[in-house]
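> Shown below is the structure under consideration.
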């Protein structure tokens, strides 16, 4: 029996790159057997490497020893083949294979390694539980769609770096073992062996370091960097994620934003062949919440929300009236052409609105005869006409309304907008709609802690014209902060930073810190700022999410080579895991709930 | 008094890039004031940005308000200047400044930020305690030599990535929160909040993941990646360091090494203008130990060690004889032209040898009259002639000898060789001598644990011709492992990996693990290897060290933006630091030595 041994053949060609121009060449190929068919006396092997697949034909006529080895080979065995590239008979050409017009006749087959049968087939579109894919991630990653995704990710990383390098940004590495973050999400902590009872924190972002690098005069910094957040992993978060981190000094905001737009446009042009129109739309936060019910609107379709509070404030419908009277709003959406929805379909929308927090969903169907609605009777003809006008309603349309606090109106109608957009097929999956969301509020009021907190982080610069409001009316202060959104996802965000002491002090007063507390929390950054901090700002992109959208995936787990589950476990390696007694001792810690060791 | 405010000027030029071709232009510059001189009615400001320095002249004649601001400015203040580029008077040209033939007459000066007096001057070659530099790292990094180092580091990173990308390597990110390493150095550990009592480990290297990526069929992988080791920081180690990590499949070793050589040659050519001769020398480990007394020899100079055991084995000098009789060696070094060393100088060499572990240092001075040495009388004329011949000794040379176990001979003479090389000025600081050290032993015997341990790691492939020796005579098995050395430093190392089950099992048997223990330690990798692992191998470069050597520095701390001290502290941020009661609780841990909480 052929024994796998020291490899003696050296690859001279890649499977997927062979073509008719190679006919007559002798090549050596190496790779995995995708499929083996034995047609009695002739064995066909589909041989796969990183570049693609080619058919290898083995018959005693081409090589007797080769045939004996080919006979032993099974799926996912690793082999090298020396053979001749020949044209296929016209009737055996495989139009589904890029190399389908040729095949390789095996003179020599070398068995490099065996494989057990794989738990799922190595091919696209498999229907396998994600936990099995994660447990055998190394096999999952062999599948062509995964290979394509990680090639795209690789290319995107290189392209971003080249773009930033070309524009004078320097890649500078910041520490991973750093000091815990005040005022942020939950840190991952690393106990120190040398300093008992003390901990490093893994960075949630290199925010403070990148600002220090601006104080250092590097002027243009970037890093594609791992960040960490020990959060409960709802939806599509990962405990560690990759960020394109950028900071620069002495540049006007508009110029910086324009540069970031060009970076994205180049990425999409080069890697997807998609031309992104420039400049991006700029939508102030308030407007995004009003028209799209979201600060990360999906702009691939219209279906905009309209505020009809003014129009209905004196109408006879008590639900609307009382919402308005208690400071709320009434907003509506025109579901174009949905006038034919059944009562059940409309009820389902109402149920969805309820789940999203609405007390109810009012609706009107527009017909040639007029407005058909259980609430039509509460409105005057003038009011109905005004509503139709404001929502651009025509016969055949369905109008839906929410009356509630403005945040609830936005949330519910924003989600219904997305729901209807998908359901009505308004979303072109191949299109990419970028925008900037600007003028975020600088502060939000934390009802639990009964104090103002920083929406972004406490170094975010207010708009200059709002500086005077910081202590008088924090809720009205707009930040010089901006998010980049794409197809309903926030893909990046940033701000100009406070670099001047007076404004920083006003910020801390509003947040309710004394300068002593501030120094305790942010001491080294505040100290650095006393030695000539330049005007600076920057942003960070969620790189996993950018790749996810570019690859047309719906989860970032598809774009991370070795992701973790919702309970932050790695199904492949079994991390996290227990440690030894000695390790506990060395770190000067004990499990909680266990009595002290003697 | 001028109040720092919203910036209104937008930079149009960089200080260091201005030249006589800009004369007549109005420019806006932004940066830091390097120096201010007031010549009564005229103020000179040296303005510095990332590109360099230019002189700004302010006088009421050029701008009255500008002059009032310039009057307030001090060192390291941040300003913008609008002004005209003019030629300097021939007698005020500054030949030490790249922009020394021109200056900028200030029409407008905008004060962007103030600075306190800095704790040390922002210039090269300062004589300041390193702890002060680290505490104020953001100011230290402003100094031109630091800016140059990090620009070099940035360029090296980009160049390495481009090289590897061009050769089909894909950058794939591996996890930072992973499973603890069996059989390695000490891990940094991260307690899990979700899984009480369990820990992630920060990677010492992505070794297992990069091998898994080969099983996944990516074929060519790289990453410039942070790695962690919780070791006692002797000499020039850091708890976190950066590695260029590379792995590939289906490639003969020689071809892989040749590729790595070309990468280094390109790096040195492009960034330093240094042409590195190719191919690199290849020196087997045994030969390196014999000739240079080191597995990372400094090859910038000769001064090679010679083994004279055979020659002296029957001589009359008892020290040599007894060393030889007890299985030891006698080796010597010809300190060319040092025959004139005083007795004290020779005694100092002996004292150094003693500190390094030698029992003594024998010496001979070669003169026109013959050999002058206290031990000359123990040798026959033939023996002396043979020694002279073997060491290439001529009149005026000093020969030194160590007789001991071969490891001691190597260590002591290796260090004396370096000492003498430096002292005799044999080392050209501007030269770069690369080599591969090959054929490392696969195993070494751990006297404490009384067992064989893997020299590199337990997946290192033995030479095929030594496979049969693995269980019979482990000490003689040579590994398919290789280090790249440069100027006396190991800058990278790697190996071909075991990809075949039988050899892996033999490895574990030699290490004394049962397959059950092996599965417990390396389970997921062994499992992966059952599904068609390709022949593969790779290497990792210590990137900090490569940059250090390129930048001509003597510590990697000079090449890491925010390094830690020998006690793994960050003097800038104060990491590590204490955490809150709530954080202890959330992580299900308690300080050791503290009684259980109720």
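Here, residue 1 is simply the first one shown, and the rest follow in order.
Keep in mind that glycine also has a Cβ here, set from the backbone N, Cα and C atoms.
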> Name the residue range among B:199-202, B:203-206, B:207-210 that TrEMBL annotates as region 'Aspartate'.
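The listed stretch tagged region 'Aspartate' in TrEMBL is B:207-210.
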> Name the one residue among B:223, B:238 that TrEMBL lists for the same ATP site as B:229, B:230, B:231, B:490, B:542, B:543, B:544, B:545.
B:238
> For each of B:229, B:456, B:497, B:545, count the other CB atoms within 10 A of its CB; which of these binding-site residues has the top count?
B:497
> Do you know offhand how many angstrom separate residue B:231 (ATP binding site) and residue B:497 (L-aspartate binding site) by C-alpha?
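Given the Cα positions, residue B:231 (ATP binding site) is 26 Å from residue B:497 (L-aspartate binding site).
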> Using DSSP, how many residues of the region 'Aspartate' (B:207-210) fall into helix, strand and coil, respectively?
4 helix, 0 strand, 0 coil
> Say you check the Cα of residue B:497 (L-aspartate binding site) against those of the binding-site residues B:490, B:543, B:545; which is nearest?
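With Cα distances computed to residue B:497 (L-aspartate binding site), the winner among B:490, B:543, B:545 is B:490.
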> With the ATP site defined by the record as B:229, B:230, B:231, B:238, B:490, B:542, B:543, B:544, B:545, how many Å span the farthest pair of C-alpha atoms?
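Greatest Cα separation within the listed binding residues comes to 20 Å.
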> In Å, rounded, how far does the Cα of residue B:490 (ATP binding site) sit from the Cα of residue B:229 (L-aspartate binding site)?
17
> Hey, how far is residue B:229 (L-aspartate binding site) from residue B:545 (ATP binding site), Cα to Cα, in Å?
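Per the Cα atoms, residue B:229 (L-aspartate binding site) and residue B:545 (ATP binding site) stand 16 Å apart.
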> Using C-alpha atoms only, work out the spacing between residue B:545 (ATP binding site) and residue B:456 (L-aspartate binding site) and round it to an integer in Å.
20
> Taking DSSP three-state, what's residue B:543 (ATP binding site) in: helix, strand or coil?
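Its secondary structure by DSSP: helix.
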